[in-house]
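Chemist: First, the structure itself, so that you have it in front of you.
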Amino acid sequence: MKHILNLYENINSTARNNSDCPAVILPEEIFFTVSIVGVLENLMVLLAVAKNKSLQSPMYFFICSLAISDMLGSLYKILENVLIMFRNMGYLEPRGSFESTADDVVDSLFILSLLGSICSLSVIAADRYITIFHALQYHRIVTRHRALIVLTVLWAGCTGSGITIVTFSHHVPTVIAFTALFPLMLAFILCLYVHMFLLARSHARRTSSPPRANMRGAVTLTVLLGVFIFCWAPFVLHVLLMTFCPADPYCACYMSLFQVNGVLIMCNAIIDPFIYAFRSPELRVAFKKMVICNWYQ
Amino acid sequence: MSAQRLISNRTSQQSASNSDYTWEYEYYEIGPVSFEGLKAHKYSIVIGFWVGLAVFVIFMFFVLTLLTKTGAPHQDNAESSEKRFRMNSFVSDFGKPLEPDKVFSSQGNEESRSFFHCYISEADPLEKAKACLQTTALDSEVHLQEAIRCSGRPEEELNRLMKFDIPNFVNTDQNSFGEDDLLISETPIVLENKPVVQTSHQELD
């Protein structure tokens, strides 16, 4: 992944100037702003849950897991920009051992945040599914203890996978496994949510609810899944094209937009709290209380 | 010999050229890409990808919308009047974000406070039924009525009822009724439910 993730640093090389698709370079201020906003927002979500005993339930643990993974993604961007700035200012050697180790660590952080984000979204969907379809047993199936165990196992798995992927990033099977994870998780989440939606629809049918209400469910589902797809798919396609057709002119033109894809992933970290965490009125109330208390102190 | 000289020429040329070239072989070697003889537009993958993504999402939205419109309506005429009494938009709005663990943990608690007393209680006074009708507006109303009426089989009805309870999911924001939110519930019955939920939360704190 290193060669993929650090590609945009080679933008200024003369090899790039030979192509007709100039790389789209976004100013670093945009990356910094987006990352810092993402970190702050997700930190607020974590603080709101940590400070309120009433919010410490499995559902909010899963939302916190998503917030942590989004925060890690934004932190990765900040760290990488800082490293690049140091390198441009000459404090770091271009190919020093410290620098390549730092690159590895930072890249594995990114892969970890990506995997963590995908796994958290799946776990949130599964939690909601159990809530609906096994509502009576939910309290027995999804306990706080089990939720923490599931999250620990997931994050340990993601960390191990992240380190493995970064270590073996030059091998094709690694890339295929990595990119296959995205459509698999998407299909899983899609199935769960569509099943829930069908249940809601059949119930709404029985109660003769206005079609506008059903429309809102459709809009919500589309937003949830659409944000996931729009933010992650460009990067996944970039990884695929990088591995299989790096010299092809069409692929090269797509890959010239790498920084735009990176910004989309950062935007996902900003949008996720709004469509998951802040949907809950309890968390919103807790959040407002926290902000107002800090404001008055 | 000549091969070695060739190699040394190459390396000297490389070092003499732009130092940015030295970045190349630590990272993936990407040579200059030739853009001649392209049949389609050079950004065709980009355009095709984004258009395909947008079409997929819009298609998904239309499928979901069509699902809401098609299908045979299945109404019980006897209960149609009570249905209209309730908040109809709840289920499609994916319900009130009531955590099921809180709700279930309150089962053993004050029955008067938790709206689940409607399901558990086997005594079936009419006042309780009416109170249940009001306070459980955010639930699957049809089955609630059945649960209240057929108090001899509370578990079964409870099962069916809970099956359609979709908590947590999106929204129904009781606090910001006027917000232009995606899934805000529209009917005023939501507000009546507020004190019940809040008291049940308070007792759990």
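Positions of Cβ are set from backbone N, Cα and C atoms, glycine also.
Just so you know, TrEMBL annotations are computer predictions that nobody has curated.
Copied straight from TrEMBL:
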type     : residues  : note
DOMAIN   : A:41-276  : domain 'G-protein coupled receptors family 1 profile'
TRANSMEM : A:30-50   : transmembrane segment
TRANSMEM : A:59-79   : transmembrane segment
TRANSMEM : A:108-126 : transmembrane segment
TRANSMEM : A:147-169 : transmembrane segment
TRANSMEM : A:175-200 : transmembrane segment
TRANSMEM : A:221-244 : transmembrane segment
TRANSMEM : A:256-278 : transmembrane segment
Chemist: With the transmembrane segment (A:30-50) as the reference, find which of A:59-79, A:108-126, A:147-169, A:175-200, A:256-278 contributes the most Cβ pairs under 8 Å.
Modeler: A:59-79
Chemist: Over the domain 'G-protein coupled receptors family 1 profile' (A:41-276), what does the predicted model average in pLDDT?
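Modeler: For the domain 'G-protein coupled receptors family 1 profile' (A:41-276), the model's average pLDDT rounds to 87.
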Chemist: Counting only CB pairs under 8 A, let me know which of A:59-79, A:175-200, A:256-278 has the most with the transmembrane segment (A:221-244).
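Modeler: By the under-8 Å Cβ criterion, the transmembrane segment (A:221-244) pairs most with A:256-278.
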Chemist: Honestly, do the transmembrane segment (A:59-79) and the transmembrane segment (A:175-200) touch, with at least three Cβ pairs under 8 Å and pairs 6 or more apart in sequence?
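Modeler: As far as Cβ distances go (cut-off 8 Å, pairs 6 or more apart), the transmembrane segment (A:59-79) and the transmembrane segment (A:175-200) do not touch.
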Chemist: Given a Cβ distance threshold of under 8 angstroms, which distant residues of the chain, six or more beyond its ends, lie next to the transmembrane segment (A:256-278)?
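Modeler: For the transmembrane segment (A:256-278), the far contacts come to 7-8, 19, 21-26, 30-31, 34-35, 37-38, 41-42, 44-45, 63, 66-67, 70-71, 73-74, 77, 114, 117, 124, 223-224, 227-228, 230-232, 234-235, 238, 284, 287.
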